[in-house]
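K.L.:
Pasting in a structure now, in C-alpha cells, and then I'll have a few things to ask.
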C-alpha cells in the first residue's frame with residue numbers, strides 16, 4: 001500500500017475504526033482532565049481486561065485484545081493502510097479512549113436507566129434479533145450459484161462489468177507537516193521536478209534518494225497499477241492529462257508535494273468472468289438470500305388472517321402530529 005492510496009482512503013479507515021467523530025480534543029492527551037470522571041470501583045478483571053494494555057487514559061485502558069478484535073473486523077486493504085500510517089491508528093486509539101471516558105460519565109450519571117434510553121435500547125436489541133434470526137433462516141446453500149448460473153448472470157451484465165483504466169505511477173514525495181514553513185519545501189520539490197524532467201534523468205534513483213514516502217521510495221517511487229480513483233483528487237487531475245513517460249511539475253496535496261511519472265496506462269476494458277467471479281457470486285447469493293427472507297416473512301403473515309382496525313390506526317396517526 002502506498003502514499004496515494006493512504007491519502008485517498010485513510011479518513012474512511014479512521015471513521016470505520018472510530019465509529020463516531022469526537023471533537024473534545026482540548027489538550028495534547030485528547031481529553032481534558034475535567035472530562036474524565038473519578039475512578040469507579042474496579043470489577044473483577046475479565047480475560048479481555050487481563051490482556052496487555054496498548055494505551056491508557058487515567059484509569060481507562062485499551063487492551064491488545066480489543067484492538068485486535070477491531071483490526072480483525074477490517075478489510076485487508078484498510079488494515080494495510082493503518083499499518084503504514086501510525087498517525088491514523090493513534091488517532092483512532094485517542095478517539096476510542098475518549099469514547100470510554102464518555103461512557104464512564106454516562107454510567108456514573110445512570111444514563112442507561114433513563115426511560116427513553118431503555119426504550120431505544122429495546123428497539124435496537126429487537127432489530128439485532130430480527131436481523132440475525134432472519135439471516136439464520138434464509139441461508140443459501142454453499143454450492144449456490146453453480147457455474148451455469150454464474151455464466152448466465154455474467155452474460156446478462158457483461159456490458160456493465162468494466163475493468164477501469166489502470167495507471168502505473170512513480171512518485172517523489174516531499175511531506176509538509178502541519179504548521180511547517182512551506183516555501184523551502186516547495187523550492188526543494190520544484191528543483192527535484194526540474195531534475196526529474198531533464199533528458200536521461202534517472203527518476204527511480206531520485207525517488208530512492210529523496211522521496212519521503214518510504215513505501216514507494218525503496219521501489220524507485222513505483223506504486224504499481226491502480227485505478228485513477230485510488231489517487232487523491234490533485235493527482236487525478238494531473239494523471240488524467242499526462243502522457244506515458246512524462247514527469248509532472250511538483251503538485252501540492254494536503255499531505256505535501258508530489259512529482260509524478262506516469263510509467264504505464266492500461267485503458268478500460270470489459271472484465272472477464274474470472275475477474276468478477278467472486279463479486280458476481282456474492283451478489284447472486286445476497287440476491288437469493290433476500291428472496292428467501294422475503295418469502296419467509298410473507299409466509300409468517302399468510303399463516304393467519306390479518307386484521308387492521310382503521311379507526312384505531314387513524315387515532316394513532318393523529319396522536320403523533
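Cβ coordinates are placed from backbone N, Cα and C, and glycine is handled just like the others.
Pulled from TrEMBL, these are the listed features:
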DOMAIN    164-264  domain 'PpiC'
REGION    31-51  region 'Disordered'
K.L.:
Tell me, what is the mean pLDDT of the domain 'PpiC' (164-264)?
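P.N.:
Taking every residue of the domain 'PpiC' (164-264) together, the mean pLDDT is 96.
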K.L.:
For the domain 'PpiC' (164-264), DSSP counts of helix, strand and coil?
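P.N.:
Each residue of the domain 'PpiC' (164-264) counted once, the result is 38 helix, 28 strand, 35 coil.
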